[in-house]
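Here is what Swiss-Prot records for this protein:
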- Y235: active site, proton donor (ACT_SITE)
- 48-53, 74-75, 111-112, 139-140, K244, 273-275: NAD(+) binding site (BINDING)
- Y225: substrate binding site (BINDING)
- E75: site 'Plays an important role in discriminating NADH against NADPH' (SITE)
Amino acid sequence: MIIKPRVRGFICVTTHPAGCEANVRQQIGYVKAKGPIADGPKRVLVIGASTGYGLAARITAAFGCGAGTLGVFFERPGSESKPGSPGWYNTAAFHRAAAQEGLYAKSINGDGFSDDVKQKTIDAIREDLGQVDLVVYSLAAPRRIHPKTGEVFNSTLKPIGKAVSLRGLDTDNEVVKDTVLEPATQKEIDDTVAVMGGEDWQMWIDALQAAGVLADGAKTTAFTYLGERITHDIYWNGSIGAAKKDLDQKVLGIRAGLAAKGGDARVSVLKAVVTQASSAIPVMPLYLSLLFKVMKAEGTHEGCIEQVHGLFADSLCGSAPHLDEEGRLRADYKELSPQVQARVTALWPQVTSQNVRELTDLAGYKAEFLRLFGFGIEGVDYEADVNPDVGIPNLVQA
């Protein structure tokens, strides 16, 4: 079939298999051009491995460090008549590229919050790798079924303590408008922490340790975003921020548990990028459109693969990691540089529906959004007939 983009709000409901493959190949090309990463991990588990930062971590581990990788995700395959999800095609492309280089790659498709997927992951590590020396936690999901109680939690994007009026951008209609968000209830805050906080990361590491599949000296990191003042009401000071603070608490226990065998656990802070998750957050499309404009002018603009490659080379595997006073690894320092934030803050109140194209890089934001779904990528023939039914070799279906 011939597949065209169909965007509804913050989701594109179609995906292009060849475009996703080209996008993955470009990221692999970037990592390979940078050369091997010294002292990199060789057996890597990525939880949330199919899109965005998790995919970038898998690509960096494999093609920058020469690592065998095991990826966990929850994606939808395509059929002859309907495209699958982007992460499905990204993973199929990754597997093909890894096989060409003789790199081990296996994936598990299922609910990463579940005990079943954790057990299948442990079984795969035991059978194929023995142990892993790096665990990347990059799971982004709106809901979680608790594996012990069966309780269902839904995350909420709300401020805490007071209603907040936020400037936002309707990217479909290119209209700048204010949105009032009512404060989260305590249950909504608790549920968001249950979905997006550190409990599941802790459960993963506990399960891997108990099974003996973590190597001595193993490291783990969970990816997060903190942002600056403009996004703080909805982010750091909101319901999501409560989950981020929980991550900062949970990492202390995980770190102590791994330190006994020479290991380490860190939260890694990455810059704001266009992802399916961030596009759903009020404020973020406008903030990102401004950030793109300012950082491109400065020559410091980066996407997922540049960020994660830098994190691996400088901090996860480097001898002088970028640490903040909380002990987090920081890769977001270019975004948070005073001159970038001052420029974004100055432009923020000036943007209107009339000048949004001129003051921001809305075109760049929209192009980046479509790239997530395999569209607008140079070298891809979008008039060609493609088969959306693409298989993933070496896939365990949970």
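Using N, Cα and C of the backbone, Cβ positions are placed for all residues, glycine too.
Within the same chain, residues at least six positions away from G48 (NAD(+) binding site) with a Cβ under 8 Å of its Cβ are G54, V72, F73, G112, V136, Y137, S138, L139, A140.
Applying an 8 A CB threshold to same-chain residues 6+ apart, the list for G52 (NAD(+) binding site) reads S138, A140, V273, T275, Q276, A277, C304, L372.
Of all the recorded positions given, namely F74, Y225, Y235, the one with the smallest number of surrounding CB atoms inside 10 A is F74. Neighbour list (V274 (NAD(+) binding site), Cβ cut-off 8 Å, at least 6 residues apart, same chain): L288, Y365, E368, F369, L372. Cβ neighbours of S50 (NAD(+) binding site) (same chain, under 8 Å, six or more residues apart in sequence): G71, F73, E75, P86, G87, W88, N90, T91. With every protein chain in view, the residue among the recorded positions E75, D111, L139, K244 whose Cβ has the most Cβ partners within 10 Å turns out to be L139.
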